[in-house]
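As given in TrEMBL:
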- 1-368: domain 'Nucleolar protein 10-like N-terminal' (DOMAIN)
- 369-417: domain 'Nucleolar protein 10-like second' (DOMAIN)
- 482-508: domain 'NUC153' (DOMAIN)
- 528-538: compositional bias 'Acidic residues' (COMPBIAS)
- 528-557: region 'Disordered' (REGION)
- 571-584: compositional bias 'Basic and acidic residues' (COMPBIAS)
- 571-592: region 'Disordered' (REGION)
- 644-688: region 'Disordered' (REGION)
- 648-663: compositional bias 'Basic and acidic residues' (COMPBIAS)
- 664-688: compositional bias 'Basic residues' (COMPBIAS)
Amino acid sequence: MQVSSLNEVKIYSLSAGRSLPEWLSDRKKRALQKKDVDIRRRIELIQDFEMPTVSTKIKVSRDGQYIMAVGTYKPRIRCFDTYQLSQKFERCLDSEVVTFEILSDDYSKIVFLQCGRFVEFHSQHGHYYKTRIPKFGRDFSYHYPSCDLYFVGASSEVYRLNLEQGRFLNSLQTDASESNACDINPVHFLFAMGTAEGKVECWDPRTRNRVGLLDCALSSVTADTEIDGLPSVSALKFDGALNMAVGTSTGQVLLYDLRSSNPLIVKDHHYGLPIKSIQFQHQLDLIISADCRIIKMWNKDTGKIFTSMEPEYGINDVCLYPNSGMLMTANEAPKMSIYYIPVLGPAPKWCSFLDNLTEELEENPETTVYDDYKFVTRQDLENLGLAHLIGSSLLRAYMHGFFMDIRLYHKAKMMANPFAYEEYRREKIRQKIEETRAQRVQLKKLPKVNKELALKLIEEEGEEQQVTRKRKQKNLPSLLKDDRFKVMFENPDFQVDEQSEEFRLLNPLVSKISEKRKRKLKLLEELEAQEQEEEEEPEGRASDAESSESSDDEKGWVEEVRKQRKLLRQEEKVKRQERFKEDQQTSLKPQFFEIKEGEEFRSFKDSAKKQKLMKKTLGDRLKLEEKLGTLDVCDTTVGSKQATFKLKKSEQQKKQQEAEKQHRQERKTLRRSASHLKSQRGRGRPFH
């Protein structure tokens, strides 16, 4: 369990920690829990509270007993029973779910809006009925008095499906091209829908007439906000009879009183991301708004931030458990997150032990590092002349240094360095001079290593920028600014050798292009040396010459490859002649070697082989012995290895073995000839 604190509001993440794989057996899970401390200390509030890959929506039934979540892949719904703290059932669907609604108090009646224009109804036993709407839907709401479902989506019409009669009714014709979100007021049942043009249309379901229009796109633009396009409505939520919160695609949340066309508060998330979910917390008068990156809680009267959370993964939906301080999120990850914030309210009755757990954690708080302390090392203390304070109460040892009071640190620094203001002044003057220099004409500074490659990349980048401007595409990141390839232009070991055989054969046309680039490189070096402010374009070939070269690339490539091969052969021939001359000029002198006591001189080759063998590692020597047949390594049944060594035979033993082998062969031939003679005599044949 992780604990974070912002604005003195403690947030307990109950889903933090490692999760065990589903395919592990119960025995292996118990063994892992015994061994691993992190797994043993984790809190698994609801067993297997996760999806295979991604969870998209999460809701709580009205009786508070069931938590339902939809996700992928494959598209499915999972129902979790809070009384049993485990999963109740799982149902797979034909297509991904856009959103869903629980019509009953428990899980017995559920409606799913799917991405394939399908509307699917589920009862307690499972799938019940499936129908289709004319256009792709994005959201829907249920009108309880008339049993009507209102669907909004990629159409100007709002489709109505009556569940009592089991048929579609006349749709509502709106002025919008498309609609993204909708909601029905729980008090007077006013139907509101957010459009792609950034407007909210309010309709009366009784008369089926539009009763109001709010321009949220115009109201969301303030002096501090920066927008690229027209904001559209991405989220909508009613609170009571008169309040309504609207979320835009540019990251603003607008709180309205239905009696006024101007918003009471405009809250900006400052991320420019669409608002995914809006919830109301009535105990503290808070609004919980979330985009895919952050969840913000702020006061609906003043707009002051209460607290915020930034999960590790992207947020798809937020669900606040009723009358409690528990918050659940559907994420772009398999595990669904559960947060407990004691300030918002008590823990639900099915996990009341959380209150006792958090109280114990608050009674024994962990040591924290405060802002009024400064961390210093022993070297810093010696520079400040405070090394004599080590061991006193003014310094507190921590890791490889000490904590000391920030006021004492500032006083000691002022005494040790009285000219700090002069240094600060000099630094400011230097910064001002650099700012003025930046306004001058900047020369292209090339790296020390691989200058020609860097110049080639700069030229290609300029050409790509021109193409992307014409096509209005995004610019790709530069290779020179990428940290992964930084060493290539700093370390001399990565210098490209253009005279190598591989480079010349793989890049036969480089020589023609590199001539032009070398001229440009020479001009740039001259400009850097003279520190001129005006850049001169290097002279090159005419454009028609370049086009003629590029017209028959294949022919030029073949000719250049042949030319490079001829040059390589000539260079090899010259090198061979030079080596031959050097060998003739060198006079061989006799070299004398001393033999150690107890050793017998055989040949120079044996000593050289022995030296090479001694330089090799033990593993390499064992492999060599195994190849020669003097070592045999095999695995035993226990799991260990067994090695058998054979002693090397001397030259005398080898000669003796060869003589014995030859003697045995001669005896075999004599025996064979004797047996042949006997067989011929037995048949009565004369012997010649």
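For all residues, glycine too, the Cβ spot is worked out from N, Cα and C.
No curator has checked TrEMBL annotations; they are predicted automatically.
In the domain 'Nucleolar protein 10-like second' (369-417), helix, strand and coil residues by DSSP number 21 helix, 14 strand, 14 coil. Same-chain neighbours of the domain 'NUC153' (482-508): 447-450, 452-454, 514, 557, 560-561, 563-565, 567-568, counting only residues six or more beyond its ends whose CB sits under 8 Å from a CB of the stretch. Residues belonging to the domain 'Nucleolar protein 10-like second' (369-417) score a mean pLDDT of 82 in the model.
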